[in-house]
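Structure, as structure tokens:
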Amino acid sequence: MSLILVLDIIGTLAFAISGVLTALHKRLDAFGILIIAFVAAVGGGTLRDVLIGAPIAWMVDLTYVYVIFGATVFSVIFRKRLGYVRRSLFLFDTIGIALYTIVGVEKGIAAGFSPIICISLGTMTACFGGVLRDILCNEIPIIFRKEIYATACIIGGVVYFILLKTVIPLDFIVIISGSIVFIVRLLAVYFRLSLPSIYTKEELEQQ
Amino acid sequence: MSLILVLDIIGTLAFAISGVLTALHKRLDAFGILIIAFVAAVGGGTLRDVLIGAPIAWMVDLTYVYVIFGATVFSVIFRKRLGYVRRSLFLFDTIGIALYTIVGVEKGIAAGFSPIICISLGTMTACFGGVLRDILCNEIPIIFRKEIYATACIIGGVVYFILLKTVIPLDFIVIISGSIVFIVRLLAVYFRLSLPSIYTKEELEQQ
Amino acid sequence: MSLILVLDIIGTLAFAISGVLTALHKRLDAFGILIIAFVAAVGGGTLRDVLIGAPIAWMVDLTYVYVIFGATVFSVIFRKRLGYVRRSLFLFDTIGIALYTIVGVEKGIAAGFSPIICISLGTMTACFGGVLRDILCNEIPIIFRKEIYATACIIGGVVYFILLKTVIPLDFIVIISGSIVFIVRLLAVYFRLSLPSIYTKEELEQQ
């Protein structure tokens, strides 16, 4: 089994758990929880595959479906131990975006797209499932909140393509650029980093 | 004309009318009513065809477009006689999900997908048009309200695959499993059945 | 470079600017502005290409990406001179729908669809990006407000197919039918034209 497939499965696991936690918080019923876990886990990849024109990954390989189903049952049963708090949701969400960014970039390269499009595909894969999860749960999407989010995915994608020009082996490139997404997002939330404002003082006061 | 095509057309008719009723209730203008009827009728099937990678049914065969247009004009004119009430919307919505579930399952089988994926496709075909209709009309989607909804589609899909292992002829399988979706949904609303709660008393009080 | 490609690029420019103006109005950060500009500019065309089953235009030809990026930087810097008002947003939005309607109709014809479907594709290309832009910015979509909007696109599309039966050269047909979309929308807003109401006085009072 290739590294990229392993990452994809772990990302699926992380996002499915993030979906369950959001759905539990909203007191959805068993079916609603499964749907949100599913949408969070495969939403981004599905959009990517539709845009690329590739077969949808989870429809061809049932491993994804089993992982999501297992993760849902597991995290509903052990929800007390998962902490049931914002912090664990944040952790799984951040692991998910790091892994999915790299999966998206690599699938874009495999389909023959240019670096800019591959980085966009990686960012979409990483962010879209979480946006759908939050919209369906009637929360403001995490991505639109203050701290750097999609920007972390873009930085990771850019690093991936820079390292691709060096002699570093591919597996290390994957690990390094994935870790960068994870760390950038972690630091951004920890230090409450946002993008610099483009508005003048007057404009902000007009609001 | 095959049975499945007839079901698809009747489902289109039922969902188009459900769309018109929702749009009339929101006092949309003539164009808005047509759009909502269209989205309700073809939304689920379009998602299914995009995911399967098949040509979109209504773009290839104009019958759908004519049926939706005819149903819209008819139900706008005769809206008083349709009762103009929640009950008729509910009836057409329930006929729609029963027929679309079977259509979705059969299209999944024809495209060579596994039973789990076929049942998912059937449920999507049945539910997604209604979700879009409700979101565009700024209503909470019926599917997310209390009573069993998508679960009825899943049960119908499972029954379909169980019967497929028997000697029962295909046309009967279609009628039986479609009726099961219809009856499960009807009973669920009549007896106000929901899925059993997974939350402890303390968790619900925390809310 | 063909006329249709030029129109597509100018439409992209107009919609990207409309996206930036909406995002600035909502005080989004730099990344949010870029995303909204992107979604407004390519949302409709992406839906069209997915439905047709064609490769997504902006993923194959990076010109779109550069135009959107350039338009975003330009209009953020010169936002004071753009007027920063509803009126300029309205102007760019109207230019955008006129051009995109024709682009959508022509792509539909090239893919071999019937006139009704081509007109639908044109209307979708023109309207869907703006709908996504407004939903993401938490505004009521312009298309659902009172004045004639999508109807202008449909009229333009119908005129296109009528003129196609005449001896008028294709380039003129493009210019005439595009101008009609622009003028119909302009007049509709200027004279506050809506579609005639289908509701009786009693129904409106019930509301």
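Yeah, the Cβs are placed from backbone N, Cα and C, and that goes for glycine too.
Those TrEMBL annotations? Automatic predictions, nothing curated.
Annotated in TrEMBL:
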DOMAIN    B:6-79  domain 'Glycine transporter'
DOMAIN    B:91-163  domain 'Glycine transporter'
TRANSMEM  B:6-24  transmembrane segment
TRANSMEM  B:31-50  transmembrane segment
TRANSMEM  B:56-77  transmembrane segment
TRANSMEM  B:84-103  transmembrane segment
TRANSMEM  B:109-136  transmembrane segment
TRANSMEM  B:148-166  transmembrane segment
TRANSMEM  B:172-191  transmembrane segment
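Per DSSP, the domain 'Glycine transporter' (B:91-163) is made up of 59 helix, 0 strand, 14 coil. When the domain 'Glycine transporter' (B:6-79) is classified with DSSP, helix, strand and coil residues number 62 helix, 0 strand, 12 coil. The average per-residue pLDDT of the prediction over the domain 'Glycine transporter' (B:91-163) is 88, rounded to a whole number.
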